[in-house]
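Swiss-Prot annotations:
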type     : residues                                 : note
DOMAIN   : 9-198                                    : domain 'Glutamine amidotransferase type-1'
ACT_SITE : C86                                      : active site, nucleophile
ACT_SITE : H172                                     : active site
ACT_SITE : E174                                     : active site
DOMAIN   : 199-388                                  : domain 'GMPS ATP-PPase'
BINDING  : S226, G227, G228, V229, D230, S231, S232 : ATP binding site
Amino acid sequence: MEMAKEQELILVLDFGSQYNQLITRRIREMGVYSELHDHEISIEEIKKMNPKGIILSGGPNSVYEEGSFTIDPEIYNLGIPVLGICYGMQLTTKLLGGKVERANEREYGKAIINAKSDELFAGLPAEQTVWMSHSDKVIEIPEGFEVIADSPSTDYAAIEDKKRRIYGVQFHPEVRHTEYGNDLLNNFVRRVCDCRGQWTMENFIEIEIEKIRQRVGDRRVLCAMSGGVDSSVVAVLLHKAIGDQLTCIFVDHGLLRKGEGDMVMEQFGEGFNMNIIRVNAKDRFMNKLKGVSDPEQKRKIIGNEFVYVFDDEASKLKGVDFLAQGTLYTDVIESGTKTAQTIKSHHNVGGLPEDMEFELIEPINTLFKDEVRKLGIELGIPEHLVWRQPFPGPGLGIRVLGEITEDKLEIVRESDAILRQVIREEGLEREIWQYFTVLPNIQSVGVMGDYRTYDHTVGIRAVTSIDGMTSDFARIDWEVLQKISSRIVNEVDHVNRVVYDITSKPPSTIEWE
């Protein structure tokens, strides 16, 4: 994930906090590029990246636990501003000679702090509401530091070493519950780190096109095309960079939404004048998935088979060296790092065979979903395509829970088409981040006409979100839900019950598998 040297960068080091991706997002919202990296990154790597500032994230551990995460203390001697958040502040205190101890009880939730007017709190009121989440507490600050905020529960809510530009806060400025959190981060980024905030989709395109051209040269690239937003944006970006050196492979694996295959060929083959090949691999995928019910195994099989299909097509084309994918930053984060447990392996990052014959190109793997949409608009992709519903690489294969069969796929395909049609008719497409139907591996008793039925249950999932990292269930009007339910039960065979998922993320994920 190298950036051009002239690009301003705030480096976020990951200590396992559930909020660490939010830090990255908040910085980017200010027009400054930010990346999340493992805390074990070397000093040489940091120097090579040349960040304007470094943020140490929070984390669930105690700095005194055996094997607790740490950093090379030389980071503090690089002359680069550092901001430690919660665990990051406690670690900074410990490494620089202060004292930290286990608190009698964990402090979690809203708190009031009293802040002094300094660089970090410039222009902000003295009394502020913040969000605390920590089990350790600082009891003595290192030499050269002073207190810049306190609270009823701690004398050290925020500290600074003004000379070395090292800061620490015992709360989470990145979460919405912290009243002036964005302002504090903005002060760090702009006042302390002297960033100008010039990161835009326009200069992202310029940088990526140049990187693609330098890497590819006169060689050829295959793009994994699904018709979804991510792969569409990747295809258009690559086409803009290398033109006819790009061949798009659209694998129709039989796990697509209703009418999706024909739409992809029409929009991209004809509309964008791209070289696109449609491969009918339905039987191939269904044979591989026969008898498989474990979701992780399904994802791996689909990911592997995708690449094998590309291998076959590439051998026909000759001279293809690269495979392009629409991997997002959320895919990379959710697939796990050393500090974070894998939530689920993503098709784009976790299902690739070790004997793959391609070099990977993932030009949007540093972007969140909303940023990809902005990129798509900047590239000239029509809004109705940019705002299409997110669709996972494994397709309906992970929306049929348990073993996949043709009959089950048809239930999901038809019920999903009804859901999307009603949402569109009600004008809710832009209000809801993602919506789809799933088929849980359960049946229930019902009555249709004068007869007892024992048929499938369809689940509706609709969520609101900004970037897909967190979400809440959409508060769809009851009459609209009733309309959707009635149509599904009456128009889709072998369905006698419809349920609505009202779970947020976390604790659940958006997809059911």
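Quick reminder: no glycine exception, Cβ is built from N, Cα and C everywhere.
Source: prediction; values computed, not measured.
Sequence-ordered, the extra residues of this chain that approach the ATP site, with Cβ no more than 8 Å from the Cβ center of S226, G227, G228, V229, D230, S231, S232, are M225, V233, V234, G326, R388, F391. In terms of C-alpha distance, the listed binding-site residues S226, G228, D230, S231 place D230 closest to E174 (active site).
The Cβ of S232 (ATP binding site) lies under 8 Å from the Cβ of M225, F268, G326, G376, I381, L385, R388, each on the same chain and at least six residues away in sequence.
Of the candidate recorded positions, C86, S226, G228, D230, the one lying closest to H172 (active site) when CA atoms are compared is C86. Least packed by the Cβ count within 10 Å, out of the recorded positions C86, V229, is V229.
Note: the CA-CA distance between V229 (ATP binding site) and the residue listed as 'active site, nucleophile' rounds to 36 Å.
The separation of the residue listed as 'active site, nucleophile' from G227 (ATP binding site), Cα to Cα, is 42 Å. On its own chain, D230 (ATP binding site) has G326, T327, L328, I364, K369, V372, P390 as residues at least 6 apart in sequence with a Cβ closer than 8 Å to its own Cβ.
For H172 (active site), the count of additional Cβ atoms within 10 Å of its Cβ stands at 24 [all protein chains shown]. In this structure the C-alpha atoms belonging to the residue listed as 'active site, nucleophile' and S226 (ATP binding site) are separated by 41 Å.
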